[in-house]
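*Asks:* So that we are looking at the same thing, I have put the structure below in structure tokens.
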Amino acid sequence: MPTILVVDDDLQVRLWLRQLLEAKGHKIEEAGDGYAALTYLEHAEPALVVLDLFMPNVEGLEIILHLRTSARPLKVLAISGNPLPAFDACVVAKVFGACDALAKPFDATTFLNHVDTLLAHS
């Protein structure tokens with residue numbers, strides 16, 4: 001099964017997503033902030049990056065822009081618990097280059113359906 005990088009500064013979210021994805025047989029790598037994600041991505045090429053948009057150090061939108069301008073663009077599923085009213089972070093993430101986006105909170109079935117769809121279009 002493909003490797004998926006889960007990037008979120010909330011440990012509970014990372015653990016929940018890991019549990020869901022490992023139950024489907026995926027290999028999971030984790031990063032707790034944007035800097036750790038960029039460091040990991042320097043030497044790895046996961047099949048999918050599940051990426052929180054609002055994190056310390058380097059935000060998710062910066063990572064999406066970095067990936068889109070790199071020689072090896074990766075699939076990104078942006079996730080966001082948008083802290084800013086009147087700002088649709090999921091729409092912005094898609095404009096920046098995310099393949100798909102989900103607003104938190106989301107349920108397990110919805111999340112896994114989005115992951116399956118993205119991985120099916122390899």
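For all residues, glycine too, the Cβ spot is worked out from N, Cα and C.
Those TrEMBL annotations? Automatic predictions, nothing curated.
Features from TrEMBL:
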DOMAIN    3-119  domain 'Response regulatory'
MOD_RES   D52  4-aspartylphosphate
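Please go over these features one by one and say how buried each is and what sits next to it.
*Replies:* Across the domain 'Response regulatory' (3-119), DSSP helix (H, G, I), strand (E, B) and coil residues number 51 helix, 24 strand, 42 coil.
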*Asks:* Let me check the 10 A CB neighbour count of D52 (4-aspartylphosphate). How many other CB atoms are there?
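*Replies:* For D52 (4-aspartylphosphate), the 10 Å Cβ neighbour count is 27.
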